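Enquirer: Annotation comment: TrEMBL describes 227-450 as domain 'Endoplasmic reticulum metallopeptidase 1-like C-terminal'. The signal peptide feature in TrEMBL is assigned to 1-22. Sequence annotations record features per position, and here TrEMBL assigns transmembrane segment to 28-51, 72-92, 98-114, 126-147, 167-189, 201-220.
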Amino acid sequence: MALALVLPVLLAVIRLLPATTAMSWFAHPWLAVLTYVPISVAGMLIPRISVAEKLMASGSIDASGNMKRFDWGSRWGAVAMYSFGAAVGTHLIPGNGFFSFIWACFLLAANSLLKTIQAKFRRNFSLYALSLAVPILISLYVGVMLWQTLQEKMGMAGSIPHPFGFFVADIIMAATSGYVVILALSPLIPVAGIWLASSRIVLFLVSLSILGASVSPQFFPYNTYAPKRILLQRTFSTQGQRILGADYDLAVFDANSLPFVFKNVEAVPKFLGLEPGFSWKTVSKSPSGTWMAIYPISRLFVESYRFSAGNKVVLKDDQRLPHIILQNVKEDILNPDRKRIYVEIDMGSLHEVWASVLNITGPLTSWSFSDERLPVPEVVNGGPPSYICRLSGKDTSENWKFWLEANTSKPLQVDLAVLDHELDDDTRTLLHLFPSWAATIAGSTYLSSYLI
């Protein structure tokens with residue numbers, strides 16, 4: 001079982017060492033099956049081959065009898081393992097050990113049947129497999145559903161910095177493939193291994209996996225039905241009714257980083273004003289707080305890049321930016337060290353607001369949200385503890401109104417991020433440059449900061 005997990009993971013790492021593209025199986029699931037399943041089955045056969053060779057090399061007169069005892073030990077060992085799993089699972093969480101319990105019961109019955117009949121191998125194996133049909137079908141159903149779910153979710157599981165992040169998705173799929181093989185086929189190995197456990201068959205299975213690993217770089221990892229997830233944000237830094245800066249921020253959600261996208265979609269870097277053959281060392285990373293409007297989704301990626309929009313943004317006559325209005329400050333008569341600040345958020349002229357996020361840093365003691373109870377403070381990217389509150393949508397009748405209570409020792413810093421679905425013409429043009437294999441989510445975010 002350990003080899004069934006380790007060997008496919010090892011193959012996944014070796015395959016990616018010279019490669020520039022990960023997740024080749026994402027749009028072609030059969031590639032993962034071809035690459036990881038055969039070597040996982042081979043891993044479960046290797047121990048029996050090793051034991052058989054040692055017994056033959058020992059020159060023992062009763063080598064055949066010792067091999068039979070080893071096979072029966074493996075069969076009853078499987079019963080003991082699943083029984084132990086059922087006991088531990090039930091002890092930890094009542095009802096959690098039913099899966100292992102089903103396997104233990106059917107394995108016990110199958111072993112007892114073989115012990116009684118003592119038939120020839122083909123009939124022996126047929127009866128053994130038939131008596132385990134129910135747990136095998138249940139295991140296949142559960143395992144395949146788990147495998148398929150993880151395979152699809154790898155496209156939105158989040159990105160991790162290179163070089164380790166490049167390997168994570170393939171390692172997860174390799175380990176999952178090995179786990180499914182163990183789940184559905186491992187109880188058959190003690191009997192099927194009598195026929196399958198030969199060096200030629202193991203070599204054939206390993207060769208199949210090496211073939212899958214060799215051809216996988218020739219396949220593009222994405223298509224329309226299994227797209228690359230990309231997040232595009234037009235970021236406006238504002239102060240009152242002035243726009244201080246406007247940039248494009250881009251992030252991805254899987255192991256193939258943004259350079260992979262730019263390599264395959266040359267129109268995008270050209271639109272952003274990047275010269276051919278530019279170095280990624282010259283591209284700026286997105287500052288902290290850029291993705292505050294979608295927090296905590298922003299935790300799914302740790303790297304994102306910022307590109308200058310190039311042109312100065314001029315507000316239209318009827319356009320108003322979202323901002324915070326300080327209404328009143330009242331000091332607590334009984335406790336002069338505290339103050340209550342009455343605030344409201346004006347969404348300006350935005351019409352398609354998805355969310356507004358407040359990030360409050362400082363000596364906050366209470367607020368008018370959540371039954372006036374403060375949650376556990378958040379710490380993002382090593383920054384100071386802060387309190388984050390999300391306001392969904394836009395109140396069409398009036399502004400959002402609330403109060404904050406804080407100590408007077410230090411001012412409160414309130415950061416406001418408003419995400420709007422409406423895009424300007426330049427952002428729409430950039431969005432349409434991405435191909436059909438890229439599912440690009442775009443929005444406009446307005447960031448502002450206040451000391452109160």
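Each residue, glycine too, has its Cβ placed from N, Cα and C.
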Enquirer: Under a Cβ pair cut-off of under 8 Å, which of the recorded stretches 98-114, 126-147, 167-189, 201-220 contacts the transmembrane segment (28-51) most often?
Expert: 201-220
Enquirer: Residues of the same chain, at least six outside the transmembrane segment (167-189), with any C-beta under 8 angstroms of its C-beta?
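Expert: Beyond its ends, the transmembrane segment (167-189) has Cβ neighbours at 1, 4-9, 11-13, 15-16, 22-23, 25, 32-33, 35-37, 40-41, 43-45, 48, 74, 78, 103, 107, 128-129, 132, 135-136, 139-140, 142-144, 146-147, 150-151, 154, 157, 160, 196, 254-255.
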Enquirer: Residues of the same chain, at least six outside the transmembrane segment (72-92), with any C-beta under 8 angstroms of its C-beta?
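Expert: Beyond its ends, the transmembrane segment (72-92) has Cβ neighbours at 48, 98-101, 103-104, 107-108, 111, 114, 186-187, 189-191, 193.
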Enquirer: Who are the chain neighbours of the transmembrane segment (98-114) in space, where the CB to CB distance is under 8 Å and they lie at least 6 residues beyond its ends?
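Expert: Same-chain contacts beyond the flanks: 75-76, 78-79, 82-83, 85-86, 89-90, 124, 127-128, 131-132, 134-135, 138-139, 142, 187, 191.
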